[in-house]
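Report on the following structure.
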Amino acid sequence: MEEDFDMPPPEEMMNDEEMDFADDAAPVMKVGDEKEIGKQGLKKKLLKEGEGWDTPDNGDEVEVHYTGTLLDGTKFDSSVDRGTPFKFTLGQGQVIKGWDLGIKTMKKGEQALFTIPPELAYGETGSPPTIPPNATLQFEVELLSWVSVKDICKDGGIFKKILVEGEKWENPKDADEVLVKYEARLEDGTLVAKSDGVEFTVSEGHFCPALSKAVKTMKKGEKALLAVKPQYGFGEQGKPASGDEGAVPPNATLQITLELVSWKTVSFVTDDKKVVKKILKEGEGFDRPNEGAIVKVKLIGKLEDGTLFLKKGHEDGDELFEFKTDEEQVIEALDRAVLTMKKGELALLTIAPEYAFGSSESKQELAVVPPNSTVYYEVELVSFEKEKESWDMNTQEKIEAAAKKKEEGNALFKAGKYGRASKRYEKAVKYIEYDSSFSDEEKKQAKALKISCNLNTAACKLKLKEYKQAEKLCTKVLEMDSMNVKALYRRAQAYIHLADLELAEFDIKKALEIDPDNREVKLEYKMLKEKMREFNKKDAQFYSKMFSKMLDSNKSGSKDSEPMSVDSKA
């Protein structure tokens, strides 16, 4: 969830003293029983009994598997599907309140179904685009294990004792820039280092390795005492005195008082890490623009040497810079970065040329941007108007929105923009994915749209050489319409590229049974036969060479050795 599906706590949470749940926090239950935990509507149904009597407490790091659904059965997240358990610290607000209250009632190995009201989940705002406002959620949770979060590295190398609790629930990550105060002493109390404020990138570290390790477990304003063994200090070599810092003897244990004053969140907007975002001022709430939103920003663009080439919305009377996301109205980096921002957020973007102006010279408002320039954008998201979400639409509006996205996808496909076209088709399908409230006529329209959009997405995936995804999409279509020739044809193309020639032949033959005169399918079958002949020829050559080498190896061996024969039973 922290990495895959963000579960921030609601903005307005009750204090623990308002929670009157201590008396029945861990009710005695049998498998199949369902009971209310506390007095806020949280329900727990026991699916499988756990071991022993112990349950985790606030401050413990728990490891769980979970699957989350809406009440209509719509699955929105699952660690089980990802195959990776989720870890978090209990009672620290790192997850929704319903989790903090419910999981502390579980035993090791226990499985339970929690029904969580909106007040203990995402409240009135929801968590767009996956969770609607005022949604009651269900989580099937298995408590795998838990450990006390005191031994930071789980090897006895750094023990942390909190002296002053921090704020909120976030912790710095490797890319973030932290501001800390610290004081390091030897076990006899000798002061060896002190700073009243130093800033560093977590991954790069400062003073000794323990600081980076510890700071990642801390909250803003937290102050802690660290007991640091040599492997996270200065090891067998120690450290000579230098400047204001004293000497650290070999194999010395350190006592470090560390305070996390603040930090600037640094994240990667793109998977290749070529667009970096540093938050200079946090925004409000949890809502962010979606694709198709109208955004208004203040904007400053600079080159690496500080040359100003763009400035919008900063002067009196200067209009804010407005654009629609996902429409290529601005450079790709800005388009993608603004989707990660909250209202009021101020961020600095470091942008590689391929996400800015590329290899061409670009004349901007105040200066020319040379070819292959890395640029810096300071962006403040002043306001945004989101594109209407599916849960705000009636059934006819959903069908109309899906049809519109399909047409936009078609235009992008014709322009050769297959990645963006694919996203349009996928969004079209999401509008009409759940059609239980549709009329019979609307269901027919929705089915036709789902089939055509999934087929078009498959065509995009073939162009993008994402053959496995193309195969899955065609299979989805064939589950709705087993006689769909286009789905069989495109799945066969995917199978050919995946070197699964037998499955490709099966699909092509079936397509020709349905439509014997289809020219495209006939041509594909001809190409497939050629590939199969080529494959069989290479296969025969491979085995011929392999057996030849085996015979040569035997001939060069001892005179008494028998030549290797092929096992007829093999």
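Positions of Cβ are set from backbone N, Cα and C atoms, glycine also.
Quick look at what TrEMBL lists:
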DOMAIN    59-147  domain 'PPIase FKBP-type'
DOMAIN    175-264  domain 'PPIase FKBP-type'
DOMAIN    292-385  domain 'PPIase FKBP-type'
REPEAT    485-518  repeat 'TPR'
REGION    551-570  region 'Disordered'
COMPBIAS  557-570  compositional bias 'Basic and acidic residues'
Work out, from DSSP, the number of helix, strand and coil residues along the domain 'PPIase FKBP-type' (59-147). 14 helix, 39 strand, 36 coil
Under the DSSP assignment, what numbers of helix, strand and coil residues are found in the domain 'PPIase FKBP-type' (175-264)? 10 helix, 45 strand, 35 coil
Could you tell me the mean pLDDT the prediction assigns to the domain 'PPIase FKBP-type' (175-264)? 96
Report the DSSP secondary-structure composition of the repeat 'TPR' (485-518) as helix, strand and coil residue counts. 27 helix, 0 strand, 7 coil
